[in-house]
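According to Swiss-Prot, the protein has these features:
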- Lys99: active site, schiff-base intermediate with DXP (ACT_SITE)
- Gly160, Ala186, Gly187, Asn208, Thr209: 1-deoxy-D-xylulose 5-phosphate binding site (BINDING)
Amino acid sequence: MNDSLVIRGIEFKSRLWVGTGKYKSFEETARAIEASGTDVVTVAVRRVNIIDRSKENLLDYIDPKKYKILPNTAGCYTVEDALRYARLAREAGVSDMVKLEVIGDEKTLFPDVCGLLKATEILAKEGFIVFPYTNDDPITAKRLVDAGAAAVMPLGAPIGSGLGIRNPYNIKIILETVNIPVIVDAGVGTASDVSIAMELGCDAVLVNTAIAGAKDPIMMAEALKHACIAGRLAYRAGRIPKKLYASASSPIEGMLT
């Protein structure tokens, strides 16, 4: 059965999305992307020269026929910077999609919610397909929907922390609050974190540091691929209710007396 994710008419076959920062080399990045089974790759516009392609570039290692390139505005601390880099990526023909980041604090890398809402509204009106990186607040998520976001990307934990999904209850409330896809972004540390996000009902998970920072990034990428598939299947299958007391799994009818 086809279980692709469709956002604004764009089909995403993989629910594991992969970032491209912190790898040892472009070659390792390409191998990890391949092992992950993803078809969505995020690229920081600030760190990739999308104008001058005469020099070695990450985009030389990513086949645009095989992967959807999702430019992101990582490292932007103002609305103006975020708008500039989003527009630059589109003008260069990379994509109409943008993973929008407006960072509010250098130490925690938490988003500037006010700036994020403003930038989302502006870019959505300009025809961008906006995927804003946000906190795990359901009210903020709802306001991003109103601002024109195509999906919301709440953090599981601070970027690069590897702490996992620290507040699954808020993520669950976001899922119940918004009528657009929810993609967990940031904080994933290992395969079980991906599985938890998918079991909660999230539509996808974006991972970077958990792969790039692993002892064996290629092996971890493959592990996360399987965790994403398993978590999604478990969500669709429907887990049993949690109970305080035991319930025998073997029937008592026909027992010898």
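Quick reminder: no glycine exception, Cβ is built from N, Cα and C everywhere.
DSSP assigns Thr209 (1-deoxy-D-xylulose 5-phosphate binding site) to a helix. For Thr209 (1-deoxy-D-xylulose 5-phosphate binding site), the Cβ neighbour count at a 10 Å cut-off comes to 18, with all displayed protein chains included.
Other Cβ atoms within 10 Å of the Cβ of Asn208 (1-deoxy-D-xylulose 5-phosphate binding site), summed over all protein chains shown, number 23.
Summary of the 1-deoxy-D-xylulose 5-phosphate site environment: with the site residues Gly160, Ala186, Gly187, Asn208, Thr209 set aside, the chain residues having Cβ atoms within 8 Å of the Cβ mean position are Gly19, Ala157, Pro158, Ile159, Ser161, Gly162, Val188, Val207, Ala210.
Each of the binding-site residues Gly160, Gly187 was ranked by the number of other C-beta atoms within 10 Å, and first place falls to Gly187.
Remark: Ala186 (1-deoxy-D-xylulose 5-phosphate binding site) has Leu109, Tyr133, Leu155, Gly156, Ala157, Pro158, Ile159, Gly160, Ser161, Leu206 as non-local neighbours, by Cβ distance under 8 Å and separation of at least 6 in sequence.
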